[in-house]
């Protein structure tokens, strides 16, 4: 399942540099996560780094992009060319 940033985002910019896949960018009003690039840090880290650093806990699982651990790993391999 990809992650998403809720409208509670305060645009503090701490999440964007933490994403190893470059999935986070500045949107019109808040930061956004590109679901096709978000692996919840599977393949890179044990936990989602953006969630760890967010000071307002506004990064949650995106219910419209449900994925299994295997699907996230396959996405990681596709993005990085590893596997």
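Glycine residues also receive a Cβ, built from the backbone N, Cα and C atoms like all the rest.
[4Fe-4S] cluster 2 is bound by 19, 38, 41 in Swiss-Prot, and the record lists one more residue there from 12, 50, which is 50.
Within 10 Å of its Cβ, the residue among the binding-site residues 12, 38, 54 with the fewest other Cβ atoms is 12. In the structure shown, across all protein chains, 15 is the one of the binding-site residues 9, 15, 19 with the greatest number of other Cβ atoms within 10 Å. If one looks beyond the domain '4Fe-4S ferredoxin-type 2' (31-64) by at least 6 residues along the same chain, the residues whose Cβ comes under 8 Å of a Cβ in the stretch are 1-16, 18-25, 72-73, 75-77, 79-80, 82.
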